[in-house]
Amino acid sequence: MNKTKSISVNACRALLALTFIFSGFVKAIDPLGSQYKIAEYLEAVQLSAYVPDWAQLMLAVGLSAVEFTLGVLLLLAIRRRLASKVTLAFMAVMTAVTLWLTVSDPIQDCGCFGDAIRLTNTQTFLKNVVLLSASIVLTRWPLYQVRFISKTNQWIAFYFTIAFILTASLLSLYHLPIFDFRPYHIGQNIKKGMEIPKGAKQTVYKTTFICEKNGVTKEFTEDNYPYDDSTWVFKDTHQEILEQGYEPPIHDFSITDQQTGDDLTDSILTRDGYTFLLIAPVLERADDSNFGEIDAVYEYAKENGYGFYGLTASTDKAVKHWRDITGAEYPFYTTDGTTLKTVIRSNPGLVLLYKGTIINKWSHNDLPQQDELNAPLSLIETGREPEDRTWTKIVLIIVCYVFPLAFLIAADRIWSWTRWVRKREEWLRQKEDWLKQKEQSNRLYQLLKRKRQMRKKIVAGNWKMNETLQEGVALAKEINESLKAEKPNCDVVICTPFIHLASVAQVLDSSLVGLGAENCADKEKGAYTGEVSAAMVKSTGAQYVILGHSERRQYYGETAEILKEKVRLALANGLKVIFCCGETLEEREAEKQNEVVKAELDGSVFNLTAEEWKSIILAYEPIWAIGTGKTATSDQAQEMLAYIRSIVAEKYGKEVAEETSILYGGSCKASNAPELFAKPDIDGGLIGGASLKAADFKGIIDAWKK
Ligand code: 13P
């Protein structure tokens, strides 16, 4: 299906491209011809008075350049979407115009292909319907057009094409059209061009006469014309072609002497020897800058007995004005303006006839120079018909435009291909690297996953200074019972005030719930009234102790040094330490959280041996989140815990870091625990307020089940 689509789109594109290139080119190389055609259109819609000649000429040059360039864009598939849309718009307008031509017939030849191919209005309309359909197909699937040049280099082709077609137009305008498709080309005998071969089909006309009698008008044909009734007064006549017969290539050439009314066509076209015709369709607008050269040719013609006539469609007044400004002495005769415009695309232009055959033509910019006219025409180059240079011109166009373009396309293809090869090599290399990396990271991921699974997940409660002994024992019982009923997926620890420890130890199933103190002394034993040593804690049956909690640092002045000592004693007495760290709000706002946390760990626990480190659990508790209801976001917590793990890794190695449990604490509740615990570096929570109700605490423990 896609193949069919691709074939259809590319066939339509080729049809449109070749048509546009051809029609654009033949018009571009005949800018004056195209201007005359535009003038005809403007006249048909009665707008010619509003558009000056120069604007018509610019429009002619511009339109043909656009058409040609559009054709090249389509051919090379440059800016496919835009070019397709512009083509569709162009064809829509052209089809509408030619429909109007077909229906109203205001102009005989649409001028689509300049003078190269002439179509009837109906043929043109049908041609445009086909092209419009093709452009619809193109616009529907523009990207099916196969590219011939890469996007990077297409601008070169675009500007080169514009430069080429404009140059061709300007050269044709300054000199004469590069190719002459008109019946008055060099080598054409004008009289012969007017002959109708014997037996050729005649055109059949119907003539209608309009007569009037007593205020009544009536139409008559040749058959019923009231020749005998003189009361009918003839008013008007019109002719219509019933059947088109053979029309010779030249059918409208005549020369009249306006003064005498004599028809000089025959005498001039059959004149023996050479005749110069100075052709100026509109003498008022003829370029008079080269009149000296014209006069010199006239003098030369006079000396050698050659004819020299001016032909124009302008009035006597214009002729007189021309004589006044140029001093012209040669006679002027009248010929139809359109015919003269067809004879030569220059105003004025010079035509040399030999016995009625066109020998040469010159634009007023290229008139024969005096030094060339140094002998009779029969002896010099000027008097000889130049050899047909059509092929030389075609080769020149190929060399100047087609070759460079083809070279550009070839270079572009090679460049694209080498780029593609390089890219492919690069891509293959990247793919290989990526596969290796993937394999590695897969292995790493598996390792981390294993480590993570190995790492202890912990939910620890910190009762702080809450609950009487009885309340505490009841709460511990309740927690114990609920965990007995439904086994937790993590280690559970409750850390109670000192006075609860021994009693709570009695009600807990130590295989389900661990027990810890909230503090211990920085002294081993002795006269430290009110203090509880690590050994005493251990003796209650507790296995854990929280150290470095921000509340103790803040309210009881526990420094890094004191904590270092407490940690040492706790470990020495076989307790596991839940060591807390965290920053204040100001410190976070100043983005110093990493620095602060690192200093706390450095100051109290990073002195431990790797062996001692096995009994350390870290808890990150941002002070601004403790008891405030303001939790760190899971991303903030993850970021900090990953950082803590990284500094542990720096200190003790990756493996130890991967085995260290790090908890988050600070307004952790059953509602936010699942999100927090889902983060790869968060191994559980240290819970304050929410650990004082068995159900709330259980809710958090259950987060590990999700
Ligand atoms: P909250 O859970 O009440 O915020 O307390 C956290 C805490 O300090 C735990 O040690």
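Each position is counted from 1, following the chain as shown.
A Cβ is built for glycine as well, from the same backbone N, Cα and C atoms used for every other residue.
Database features (TrEMBL):
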- 7-138: domain 'Methylamine utilisation protein MauE' (DOMAIN)
- 57-78: transmembrane segment (TRANSMEM)
- 85-104: transmembrane segment (TRANSMEM)
- 124-143: transmembrane segment (TRANSMEM)
- 155-176: transmembrane segment (TRANSMEM)
- 431-486: coiled coil (COILED)
- Asn462, Trp463, Lys464, Gly627, Ser667, Gly688, Gly689: substrate binding site (BINDING)
- His549: active site, electrophile (ACT_SITE)
- Glu621: active site, proton acceptor (ACT_SITE)
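There are 19 other CB atoms within 10 A of the CB of Lys464 (substrate binding site), with all protein chains counted. Here Gly627 (substrate binding site) comes close to Ser667, Gly688, Gly689: these same-chain residues lie at least six apart in sequence, with C-beta atoms under 8 angstroms from its C-beta. Proximity of the binding-site residues Lys464, Gly688, Gly689 to ligand 1, judged by a Cβ distance under 6 angstroms to any of its atoms, singles out Gly688, Gly689 in sequence order. Listed as Cβ neighbours of the transmembrane segment (155-176) (distance under 8 Å, sequence separation of 6 or more from its ends, same chain) are residues 24-25, 28-32, 57, 61, 64-65, 68-69, 72-73, 76, 78, 149, 344-346, 349, 361-363, 365-366, 397, 400-401, 404-405, 408-409. Here Asn462 (substrate binding site) is positioned 12 angstrom away from the residue listed as 'active site, proton acceptor', judged by their C-alpha atoms. Note: the residue listed as 'active site, electrophile' has non-local neighbours Asn462, Glu518, Asn519, Cys580, Glu621, i.e. same-chain residues 6+ apart with C-beta under 8 A of its own C-beta. Counting only same-chain residues at least 6 apart in sequence, those with a Cβ under 8 Å from the Cβ of Trp463 (substrate binding site) are Gly472, Ile494, Cys495, Thr496, Pro497, His500, Glu518, Ser691, Leu692. The binding-site residues under consideration are Gly688, Gly689. Their Cβ neighbour counts within 10 Å are lowest for Gly689. When the neighbouring Cβ atoms lying within 10 Å are counted for each of the binding-site residues (Asn462, Ser667), the highest count belongs to Asn462. For Glu621 (active site, proton acceptor), the Cβ neighbour count at a 10 Å cut-off comes to 26, with all displayed protein chains included.
The average pLDDT for the domain 'Methylamine utilisation protein MauE' (7-138) in the predicted structure is 95. In this structure, Gly627 (substrate binding site) belongs to neither helix nor strand by DSSP; it is coil.
In this record, substrate is bound by Asn462, Trp463, Lys464, Gly627, Ser667, Gly688, Gly689; the longest C-alpha to C-alpha distance in that set is 14 Å.
Secondary structure from DSSP puts Gly689 (substrate binding site) in a helix.
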